[in-house]
Amino acid sequence: MSTTSASEAYVDDNSSWDSFHLDARLVQAIDQLGFEHPTLIQASAIPLALEEKRDIIAKASTGSGKTGAYVIPIIHNLLTDAEVESGNHHIKSIILVPTRELSNQVLQFVEKLLVYSNNRINAINLSANLSDQVVNSLLMNKPEIIISTPAKLIQVLEKNANKDLIDLSTVRNLTIDEVDLVLSYGYLEDLQKLETYLPIKKNLQTFLMSATVNDDLNDLKTRFCSRPAILKLNDEESAQNKLIQYYARTTEFDKFLLAYVIFKLNLIKGKTLVFVNNIDRGYRLKLFLEQFGIRCCILNSELPINSRLHIVEEYNKNVYNLLIATDETNDFTVEKDEQQQEESQDKKASSAKTKQSKKSKKQKKDTEYGVSRGVDFRNVACVLNFDLPTTSKAYIHRIGRTARAGKAGMALSFVLPIKEVGKHKTASLSTAKKDEKILRRIVKQQSKNGFEIKPYQFDMKQVEGFRYRSEDAFRAVTQTAIREARIKELKNELINSDKLKRFFEENPQDLASLRHDKELHPTRVQSHLKRVPDYLLPESARQDPKKIGFVPFHKNKVHKNRKKKPTGRKADPLKSFKNRK
């Protein structure tokens, strides 16, 4: 649930907030956010959570109000808790999310619902970029709500094992948001450890929220749920009408060529989110596009968390129209063959556990970062899979960033045929070897869900005129230029991150001057590439040659200060020559 109102497709006009008998302070905050009616998932989950005290397992699409479905009951219970009203603070609720970006997003929403609570309820985000001293000082105040990634929470618990800073025995609510992503990020081991800290047998209410519900949830349901109510919002039909999916078969270099043509000629109207499979790939594409005057910004795990959060916020405010995001989840999902998993799901359980433990060790590197799922990118018109993901599940997560909350959207994926692999070494990518195999799985998976992915054929005759200058620009983006750009970007963002953390807290009006889409010039700057000659444009986009603009009948008069042309003797250089003795 974003801070804006949910889509009309998900709103339940037949129900009202008054029917839930919520605390007046909470109703006032909800009204201030502009939520006139609860969404379908909220209308189903909130009564079950408040009146029947049931555990909730909910499956609903992005933009349907899942966050509000668990945050609203949590805050209502805290506002009506006599212990909280008396000022006796204890940790009452744990909210677990897969990424730092999502934890910050949830905290912002919680704070907006607590605006009329008179500071009786405190909420903290453990996954924020805070020092141990700051975390300890926040925990000493016994916040009622803790938002964190599983790994960060376990880290804090283990560090303070012999201290009285954090005690989870008073917890009455556990929420795991984006459950499938939490599991795919390798947090299962952390959740198993968390079980020993929680009072599971003492009226612990659990919310498990996700866009998909599958067999992976059974283990968590057994561990944390006692009497769950499973809610499934059947919204595939409404989503199907809003999302259009295409794939285009292309060569390794033509990916860059087509990206240049698409963005330079503004073939996509609105904001675009481009996914690449590694950090170098993102900087190569950024440096390539910059030479044509196409401004874009980068989002990857190397950047400081404060900068990443600011980039997402500015993108949502329409400051940037083009964002290149590195989806590094492919690094560990590629090891798992989806087809084998479907065929032998119940076989080799012991070896599967071994693979899971090995996989989780590799995932520790990137567990705090994620953009393909959960992060609230608003009003994305198009998702461009510049590099095809390595699993059909990752594809679903990526395209879920567009056509959200009932709005229309498009997804375009570049697919590399197997015969084209390795022909252009500089533009090649190792994961592209499996593109056709992954595409078959994606088409199969989407057809099961009632979606259609259509092939798209670019008119290469129209594009061919841009090839020469594209090749010229691509040659300028060397590996050295990429390395220097990464260093330069990291230095800039470290400075920006420090400013965001300190100076801009006191001077929010100056925050607008901080931009993340500044040019990272390659070694060779070619300014002429920023202009597209008229002869390269398609005929429909060219200006009418007959319309040459206003041509005056008489030439302009000579400027007053301009010297007149010499005449007579002065005009002849031989006659005007003076010999000086």
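Cβ coordinates come from backbone N, Cα and C, glycine included.
Predicted, not measured: the structure shown is a model, and the values here were computed from it.
Feature annotations, reproduced from Swiss-Prot:
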- 47-231: domain 'Helicase ATP-binding' (DOMAIN)
- Ala60, Ser61, Thr62, Gly63, Ser64, Gly65, Lys66, Thr67: ATP binding site (BINDING)
- 260-461: domain 'Helicase C-terminal' (DOMAIN)
- 334-349: compositional bias 'Basic and acidic residues' (COMPBIAS)
- 334-368: region 'Disordered' (REGION)
- 355-364: compositional bias 'Basic residues' (COMPBIAS)
- 546-581: region 'Disordered' (REGION)
- 554-568: compositional bias 'Basic residues' (COMPBIAS)
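Secondary structure at Lys66 (ATP binding site), as computed by DSSP, is helix. Cβ neighbour count for Thr67 (ATP binding site): 24 (other Cβ atoms within 10 Å of its Cβ, all protein chains included). Here the binding-site residues are Ser61, Ser64; the one with the fewest Cβ atoms within 10 Å of its Cβ is Ser61. Counting every protein chain shown, the number of other Cβ atoms lying within 10 Å of the Cβ of Lys66 (ATP binding site) is 27. Its Cβ taken as reference, Ala60 (ATP binding site) is surrounded by 26 other Cβ atoms within 10 Å in the chains shown. Its own atom aside, the Cβ of Gly65 (ATP binding site) has 27 Cβ atoms within 10 angstroms in the protein chains shown. For the domain 'Helicase C-terminal' (260-461), the model's average pLDDT works out to 81.
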